[in-house]
Each structure stands twice: as C-alpha cells, then as structure tokens.
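Feature annotation from TrEMBL assigns domain 'G-protein coupled receptors family 1 profile' to 36-407. The feature transmembrane segment is assigned by TrEMBL to 23-44, 56-74, 143-162, 195-218, 350-374, 394-414.
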Amino acid sequence: MANQSNASRSISTLVAVEQYMSIYGPLILTTLGIIGNILSILIFLSPRYRRQSSHFYLLSLAISDLCFLCINLIEDTFRNHNELYQSRINILDHSSSIICIFIQYARNTTRLLSSWIIVSFTIERLLVVYHPLKRAIICRRKIARFVVFFLFLMSFLININVPFHYGIINLTNNFGKEDTICDILPKYRSIYMRFAISTMITVYLVPMCIIGFVNMLICSKLWRKSLLTEKDNNDHLCEQRQKIKHSRRSMNILELFSCLHRSKSTSNVMKPIEQFERPRISSLSQSQSIGSLITTKANTTQINNYLSTERIQNHTKSNSFLNSSANYTPGSKPSPTCVKTYIQSRANRVTVTLLLVSCSFLLLNSPYCAVWIANYIHGFRNATLKSIKEITELFMLTNFCINFLLYCVSGEVFRGELMYILQCHWKELYNRNDGEHRGSYKYRPNDEIQLKESTTKHRPTKYVIKNLNYYPYKS
C-alpha cells in the first residue's frame, strides 16, 4: 500500500508539473519566438540580405515559424490555460468551423514547410561546399523562390485531409460543463492515427535523416578542406619567410657596401687637405681639423639617414608582402587571390549559420520523436509517457524560437543590422545605397584597415627623410 501511494504521489506530481509547464513554458517560448522571428523578418528584408539565396530560405523559415507560433499560442496555450483556470480565452474553440479548419490547415502546413525549408538549404549548402566554383549558379535567388513555392504547394497538398477531418465538436470539460473544442471529428478518429504516423514521418523522421546525413558530409568536407588550407598556408608562410630573409641579406650587404664607399671617399678627400695644411700654423690646423670633423659628422648623419630610409622602405615592403595575400584596400585594385579569400570567408560564415540551424533542428526534435514513438508503441495509454511527451513538446517548440538567437551568435552582419532596428534607424537599414556602402566598407576585415593605417603612417617619415637627403648639412 505504501509503495502504491508513493507511486501515485509521484505520478500526480509529474502531472502537476506537466500542467504548469504546458501553460507557462509555451507562453514564454512563444512570446520570445514571435518577437525574434519578427526581428529576423525585418532584417532579412533589408537590402543587405536581398542578394543570396540562403537568406531567402531563412526569410521563408522565419515567416513559417512565426505563423506556427501564433497558431500554437491561440490553440494549445490558451486551451491549456482555460482547462486549468476556466479563463475562457480559448477563442479558437469558440469560433466557427471555417476558422477552425483554416487554423488547423495552416498549422500543419507551416510545420511541414519549416522542416523541408531546412532540408532545402542544407542540400544547397552541400552542393556549394562540394562545388565552390559553381556557387553563382547554385545560389541563385530565383531558384530559392521556386523551391520554396514548390515546397509550399507540396505541404498544401499533403495536408488536404484536414478540411474533411477537423471541425467544432461538443464535449464535457473537467469541471462538468458543456464546452466546444476545435479538434478532429469523432467519426474520423479511427483513421486519425494513420495520418498522425504519416505526419510524424514526413515532418520529422525523413527530414531528420536527410539533414543528419548531409551535415556529416558537409562537416567531413570542411574538415578535409581546412587541413589542406592549413598545409598550404604553412607552405606559403615558409616561402614568405625565405623571401624576407633574402631581402634582409641583400639589405645588409647594401649597407656594408655603402659604409665602405662612404669611408673610402671621406679618406680620399681628407688626405690632400692634410698635406696642404701641414706648413701652416697650429691655430689654422686646429680650425681645419674642427671643420673636417664637422664634415665627417655631416657625412655620417647623411649615411644614417639613408640607412634609416632603406630600413623603413624594406619594413613597409615586407609588411605589405605579408598582408597582400589576405587583405586589400578599396583604393587599390584587388588581386584575384584576395577576392577569392574574402568571398570564401563570407561563404564559410553563411555555412556555419546554416549548420547551426539544421543541427538545432536535429537536437531539439529528437527527444519529441523518440517519446512519441514510445507512446505509439504503448497505445498512448501510459500516463508517465504522456506527461513526458508534453515536456518534450517544449523542446520541439524551442526549435521554432531559437533561430533568432543562432543568427545573433553566428552573424556579425546580423548583429549590426539588429542595432539599426533597436536604434530605430529605419532609413539606414532599408536604404539600398547605404546598405551597399556598409557591405563594402564597414564589414571588411579589420586587417585591411590596419594595413591602410600602417601605410599612411610611414608616408610622413619618408617625406622627412627625403628632405634631409636634399639638405644633408642642416642639423
């Protein structure tokens, strides 16, 4: 008896936790997800994000997730709150049959559409990673529009059974009162499980298998590419170091020859002066010796200025040689290697963002699928599994809310555009020319700006040294 009472207490506690989590958990997640998806839509509609096909996929995903979250808030959250508190805020259950059918149709369609949009841009990213030279052909926004439109039609047709199976039905609630609910019609409940299984397969199982396999291929390809790139960079750095060593050796040899030449020329000039000045008095000889010392000092100053000029020029050349392979200034004509490196780094950032979205889809939907299958095996009669299923639905719901956070974490450009929205700078956000200017200058790598500043810092020094060379005897 004691064991049975403890078991019943644990089950009742689990049911109470499930009831409160089914109300307040979805309410918080849905509210945050609606705000995040609205901000994502506003950012992806800006001119900066109207170029690539992957951004169109993310825009479509944000719209689909927003629609699903709004429907889930009206249907499940308000209904659970009404069942627990009799708040009468379940507006869907008190609506007409047409509105009920439309909401259920939109819910099933957007849920299926979101899953297959993730599958679409994951496959596109696989093609880009394996065929980077055909990126311009694969990542066309026109193709992305066609794919999303095709997926929408397929989702619409797959859920064609919804208008015939759903409607407003009468029932008795937990408080013994007559109530209405928007749910599947009683005469179709015998075949409802077949449609539920097909929904689970098409919405979760098949997309998860495809996304998992494709992500493994993408990660393995990127890993091999990173190893090859690291090896090439090491070889390139070794070549650069060898060239810098040769340039330093030539500079040292040049300094040595210049010193020898200067010393030899000064000694040849001083010999006839000493022979000519010997018969004179000691005071004159002392004055001439002082003059020769001043001349020698001036010549030494000229040599030092020349050597310092050579050092600064070689240092500037070596720095520009080291940074020219990865950076370029907008004023100069960029090399094809610099452009290729910049485009590849930008493509890698997009790849990381898309991988995060697809991996979050796998991680957050896997518990819900596993518990749902366990409930199906037990005929949905186990109260513990049903309560666990309600909890895992929060993870499934998080999948529709977390994308905005992933964009903020992985996208520097996205964070910059978000700051324009938070500061209410709408003109700067949606101005096409300003967006292009920000895309070409503001989000360039910082090394480019540092390289440009370093070159401008050396210019005044060169100018002063050249003036000293023209007037070597001015101290």
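Cβ from N, Cα, C; glycine included.
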Point to revise | Result, the transmembrane segment (394-414) in contact with the transmembrane segment (23-44) (3+ CB pairs under 8 Å) | key: yes
Study note, to complete from the structure: Same-chain residues at least 6 beyond the ends of the transmembrane segment (143-162) with a Cβ under 8 Å from one of its Cβ atoms are 53-54, 56-57, 60, 101, 104-105, 108-110, 112-113, 116-117, 120, 124, 195, 202
**Study point:** Beyond the flanks of the transmembrane segment (394-414) by 6 or more, those residues with Cβ under 8 Å of it
**Key:** 21, 25-26, 29-30, 32-33, 36-37, 39-40, 43, 48, 58, 61-62, 65, 68-69, 72, 114, 349, 352-353, 356-357, 360-361, 364-365, 367-368, 439, 443
